[in-house]
Amino acid sequence: MININDKTIYEIENLFKERSYQKFRAKQVFRAIHVNRLNDFDEMTDLPLKMREDLKADFKFERIKVLKTFESKIDSTKKYLLELPDKNIVEAVYMDYKDRSTICISSQVGCRMGCSFCASTKNGLVRNMTASELIEEVYLLERLNGPISNIVIMGIGEPLDNFDHIKKFIEIITDPSGRNLSHRSITLSTSGLSPRIKDLADTGLDVNLALSLHYADDKKRAVYMPVAKKYSIKDLIDATDYYFDKTGRRVSFEYVVIDGVNNLTEDVENLRDLLFGKNVHINLIPLNPIEEFNHKKPGARVLEDFKQRLIKRGLNATIRRSMGIDIDASCGQLRNNYAR
Ligand code: SAH
């Protein structure tokens, strides 16, 4: 059985050609899936009955479902535990702002990057998510909350460690004959696989890129982020410069503030040396404490003070707004708790 909601319109055209269907049928089916959101050939009543029966024998739809919902009482943030077809579990978050709604989606079941402050990686990588699972993640949250305006790929997993599926997912979700989401409404966050950052730039997909820098010194970064042993900060700056040159998209640098660890004077100086004069943005994120990492959440004053010190050095820094703080399980924690 071939997974139909995993396919770009061109792939469906080829599959249909092999089966001697007329070319326009591919667009019809693609629209049925991505515009009308049907996930059953029986509902595609504008297809001939015989074709529907033949398609059912050959193709299937991958579906995922909500296992548990956590709703904030402070704002309208919702966190979901989602069950994949093989019963594996991932997380997604829906956030409602005044003028837009954003969802944060997972890209892998688990993660193999090993960052010490991150809950998602504690049990390693189980497997990559497929393009159709990523698509379904979005459509499921839209079915529950209405159309969304932005997607951030910042949930469980390292998206650039699942490059091919992520690329296909972006191609499908931005296709003008389907969901037609704009490239600039998608943000991909990476722990820093520099060769893949360049590959992403070369795809021409032009999504927003966020780099999880967190430490501006290689030695220090490597203590908390094993990926830093493979790719140096210089590699990352080369790759993000390349990304900016190719796409014209300003790269944002994420910085999880861990009080007493990476908000020291040396960190401010290192960040300045690294980023001054570049068209980048530093996004300060308060550490979300997890059981396995013995550090507290920084207070509002610590964050503000660090931000001001960066601004004084001529850097462009803001503090990320926290949503749904009463259901504040950082990504990966809900899944880990559920597994326990
Ligand atoms: N693997 C990708 C995307 C998923 S993580 C990446 O590393 O960018 C999304 C963001 O959440 C990253 O910036 C990550 O460093 C951050 N993060 C991980 N654990 C966190 C925690 N405990 N508190 C705050 N942010 C965290």
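Glycine is treated like the rest: Cβ placed from N, Cα and C.
If you check TrEMBL, you get these features:
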ACT_SITE  E91  active site, proton acceptor
ACT_SITE  C331  active site, S-methylcysteine intermediate
BINDING   C111, C115, C118  [4Fe-4S] cluster binding site
BINDING   G157, E158, S189, S212, L213, H214, N288  S-adenosyl-L-methionine binding site
DOMAIN    97-326  domain 'Radical SAM core'
Rounded inter-Cα distance in Å - C111 ([4Fe-4S] cluster binding site), G157 (S-adenosyl-L-methionine binding site): 5
Tertiary neighbours of H214 (S-adenosyl-L-methionine binding site) (same chain, Cβ under 8 Å, six or more apart): R221, Y224, M225, E254, Y255, V256, N262
Among C111, C115, C118, L213, the one of these binding-site residues whose Cβ has the fewest neighbouring Cβ atoms within 10 Å: C115
Cα-proximity to N288 (S-adenosyl-L-methionine binding site), 10 Å cut-off, over recorded positions E91, C115, C118: C118
Confidence summary for the domain 'Radical SAM core' (97-326), mean pLDDT rounded: 96
Chain-internal residues near S189 (S-adenosyl-L-methionine binding site), provided their CB is under 8 angstroms and they sit 6+ positions away: V152, I153, M154, P159, A210, L211, S212, E254
Cα separation, C115 ([4Fe-4S] cluster binding site) to L213 (S-adenosyl-L-methionine binding site) (Å, whole number): 12
Number of Cβ atoms other than its own within 10 Å, given for G157 (S-adenosyl-L-methionine binding site): 29
Cα-nearest neighbour of E91 (active site, proton acceptor) within the listed binding-site residues, C115, C118, G157, E158: G157
